[in-house]
Amino acid sequence: MGNIMSASFAPECTDLKTKYDSCFNEWYSEKFLKGKSVENECSKQWYAYTTCVNAALVKQGIKPALDEAREEAPFENGGKLKEVDK
């Protein structure tokens, strides 16, 4: 299979995802695993990618449903069930 990365769910973000994936894989294999660095050096690429994804979530109308699902998430308090008002 090699080093094939998956595309982003939002096609307009795929280039940013590819850049982040490449940066992260290089950092992880060449620095982190060899004990040369513990700080992820790809935060700029990650921020650019997540900003694009968040914009796509809004554009596609997915964000409100995602926010609602996060509100209803049963394990959002350190693995403990969230108390629900009855």
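Cβ coordinates come from backbone N, Cα and C, glycine included.
Among the residue ranges 13-23, 68-78, the one that Swiss-Prot annotates as motif 'Cx9C motif 1' is 13-23.
When the ranges 42-52, 53-63 are checked against Swiss-Prot, the one recorded as motif 'Cx9C motif 2' is 42-52. Helix, strand and coil counts under DSSP for the domain 'CHCH' (10-60) come to 39 helix, 0 strand, 12 coil. The distance from the Cα of Cys23 (disulfide bond) to the Cα of Cys13 (disulfide bond) comes to 15 Å.
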